[in-house]
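Written below as structure tokens is the structure these notes are about.
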Amino acid sequence: MRAATVLWWRLRRAGAADNRVPGVLAVVSFAVATAALLVCVAGLAAFEARNPTPPGGLDGPLTDEAALGNLYVTLAWVATTCMVIPILTLGGVAARLAIARRDQRLAALRLAGATSGQVTLMTLAEAAAQALVGALCGLVLYLAVLPLVARLSFQGRPFELRELVLPLGQVLAVVAAVVVVSVLSGASSLARVAISPLGVAARTSPKRLSVLRLLVAVAAGAAWVLVITPMKEPQRMTIVVVLGAVILAVNAVGPWVVMVAGRIAARLAPTAATLLAARRIADDPKSTWRAVGALGLAVAVVGFTSLAQVDEPRTPLEAYLADDLGTGALVTLVIITIVGATSTGVVQAARVLDQREQYRALALAGTSEGSLHRARALEVALPLAMTVVLSAGFVLVLMLPFTNAIDTALVVRFVVTSVVAGAVVLASVLASRSLVRAASRVA
Amino acid sequence: MSHHDPTATAAPAPDPTRDPAQDPARDLVARDLVMTYGRSGRSSAAGPPALGGVDVTVRAGESVAVMGPSGSGKTTLLHVLAGILRPTGGQVLWRGRDIARMSDRERTVLRRRDFGFVFQQGMLLPELPAIENVALPLMLDGVSRSEASGRAAALFAPLGLAGLEKRRPGELSGGQAQRVAIARALVARPGVVFADEPTGALDQTTSAEVMQHLTRLAAHTGASLVVVTHDENVARWCHGVLRVRDGRIATGTVAAQASPGSAR
């Protein structure tokens, strides 16, 4: 083990320059994920502290004020549930990045006599170390943005900083959760990559995702309709659990839809850039979905929340509800957009690093840098447009029958914010333009 | 193929294979090529030039092997001839124009339309099936997908790849992948194909197969061929051999037209 550790350290140092960019990207991803998670948990804690459960619990008759407070906490839980899954997905993306491009080093370790277990342990330790560094950076980022979050006003008053500062125990729990997610995602990635002494397997035709994924989505949708809809006043935790299940189901079916769309687009692609983009989408629909799925879901949830018409207010606190729904929806969308943009940017950068040689070969053969950029932009734009348009369309189709109750200004705001969020995620592709330029430099 | 270099140990031989009907404008002509890498390059400016005044003519339809020890300048010569590197001095004339004076954009278009490339590892895009890898250069140049696919498909049978059109590069053997790379290099009917160690990752038998396909198809399409190689067996497939040493042409020979393939 000692010899393998020494070799691992030497190989790590020897490959430091090559691994610097992926390492930095992984740490940035872990930092953004941690900061977003801390902000979500802090916001949820602040709403719970502002609206304590009445002494008699939530089951008995509630005053109007207590019922409204309960609604705020429930909505905070819904928003947090929507945000936590993409945040954890970003953690998974970062972990894969921490594991990726280790192929040669892992193979060298195996050739030197390290067992599969030793190699796995060392690799996961490295991923955990990067996650810890990223999580600590995320903690600093969280503290830095708190004054900004504190300017948000809910229930007629802005947050106070002390409302948003989490106790040390919860902060440590979030940091630990990020590290655990990195280790679990890393272990799952390693399990898929056969680390043989002769390196990893070559790329073959991608496995088709099973159509059974559709059944999962149908089952989750049915659960929502059968469990939540009949309930007059569903329990908060019931809503959160079923909503979480629905989100997971959407995440299961999303890659399948993306794969089918990618295959159709590849068959019909008229230009080289579209063909490249469509093949890449169909080749790795899961990573494409990771980049765009959260935003699609956010657009749907935010649409329903922000377009919902509130009854005529009877109390001063009720008067704040409509505005607060809009603000809460916007905050959710902003956080998911930042997380989605980071995820997209990191996945795209990692892909360029993975395919440096192919980019150079294309450039040598006379492919212009513009064509390479167009292909990458399309690779994100096609599924992003499809997801956002489908989500926004879904919301509008369901809500438009109630046109009388809908404020046109709210619809316009919803559409504009959805488009802006999509544009921000798309713009994250620009972050890796310099990597493309470097990879395709011929001289 | 001919060259003129004061340090060359062999005089340029007359080319008995020259077809008088051939258009000299399709020759690739390099005159007094000098290439010195700057400090950001692989050697300091104070070091010896990678190319020190090289003259080379690759005639239309001719195949030339460029050989020499590591660091001799053979890959630099290939890159300068192909318009990948801009030489510090000298000219590279192709169809009456000096490549060395072209803008980056013009050289990019030139490489796309007039030149083809085969690399040691094939460098095929892993997510594209073989036929799309071959059709890609045409589509990048604005050719419609159906026409590009048709022209690509026509190359599979002559290269012994029939039935492998939908396979991914990862599902092909090394030799098959390299033949797909040859199809990709030739699909746009280039004037010159540049091959950098095209058989470096292959065994001798597969290497011979690949060279047979490369030289035969290049000759069939009328393309010249410049092959950088360490392998004498590979060089024997070419009409002529240029031996490069310390950035200069050490020797140059021209084989008889009938002799390529004698390595078999």
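Using the three backbone atoms N, Cα and C, a Cβ is placed for every residue, glycine included.
Using a Cβ-Cβ cut-off under 8 Å and counting only residues 6 or more beyond its ends in the same chain, the transmembrane segment (A:21-47) has close neighbours at 72-73, 76-77, 79-80, 83-84, 87-88, 90-91, 93-95, 97-98, 100-101, 127, 130-131, 133-135, 137-139, 141-142, 145-146, 149, 154, 159, 163-166, 170-171, 174-175, 177-178, 182, 331, 335, 338-339, 342-343, 346, 349-350, 353, 435. Annotation comment: TrEMBL describes A:21-47 (among others) as transmembrane segment.
Annotation comment: TrEMBL describes A:67-95 (among others) as transmembrane segment.
What TrEMBL records for A:94-194 is domain 'ABC3 transporter permease C-terminal'. Under DSSP, the residues of the domain 'ABC3 transporter permease C-terminal' (A:94-194) split into helix, strand and coil as follows: 78 helix, 4 strand, 19 coil.
Among the features that TrEMBL reports, transmembrane segment is placed at A:131-152 (among others). For the transmembrane segment (A:131-152), the list of distant contacts is 26-35, 37-39, 42-43, 91, 94-95, 98, 158-161, 163-165, 171, 174-175, 178-179, 181-183, 327, 331: same-chain residues at least six beyond its ends, Cβ to Cβ under 8 Å.
Positions annotated as transmembrane segment by TrEMBL: A:164-190 (among others).
Residues or ranges marked as transmembrane segment by TrEMBL: A:210-227 (among others). A Cβ distance under 8 Å defines the sequence-distant neighbours of the transmembrane segment (A:210-227), meaning residues of its chain 6+ beyond its ends; these are 234, 238, 242-243, 245-246, 248-250, 252-253, 255-256.
Residues or ranges marked as transmembrane segment in TrEMBL: A:239-258 (among others).
Packing against the transmembrane segment (A:289-308) from elsewhere in the chain are residues 75, 78-79, 82, 85-86, 89, 92-93, 247, 250-251, 254-255, 258, 325-326, 328-330, 332-333, 336-337, 339-340, 343-344, 347, 380, 383-384, 387-388, 390-392, 394-396, 398-399, 406, 410-411, 413-414, 417-418, 421-422, 425: each is 6 or more residues past its ends and has a CB under 8 Å from a CB in it. The transmembrane segment annotation in TrEMBL covers A:289-308 (among others).
Here TrEMBL flags A:328-350 (among others) as transmembrane segment. Long-range neighbours of the transmembrane segment (A:328-350) within the same chain, counting only residues 6 or more positions beyond its ends whose Cβ lies under 8 Å from a Cβ of the stretch, are 21-22, 25-26, 28-29, 32-33, 36, 39-40, 43, 75-76, 79, 82-83, 86-87, 89-90, 93-94, 96-97, 100, 152, 154, 287, 290-292, 294-295, 297-299, 301-302, 305-306, 376, 379-380, 417-418, 421, 424-429, 431-432, 435.
Sequence annotations record features per position, and here TrEMBL assigns transmembrane segment to A:380-402 (among others).
Per TrEMBL, the feature transmembrane segment maps to A:408-431 (among others). Same-chain residues lying 6 or more positions outside the transmembrane segment (A:408-431) and placing a CB less than 8 Å from one of its CB atoms are 291-292, 295, 298-299, 302-303, 306-307, 326, 330, 333, 336-337, 340-342, 344-345, 348-349, 376-377, 380-381, 384-385, 388, 391-392, 395-396.
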Can you tell me the mean pLDDT for the domain 'ABC3 transporter permease C-terminal' (A:94-194)?
83
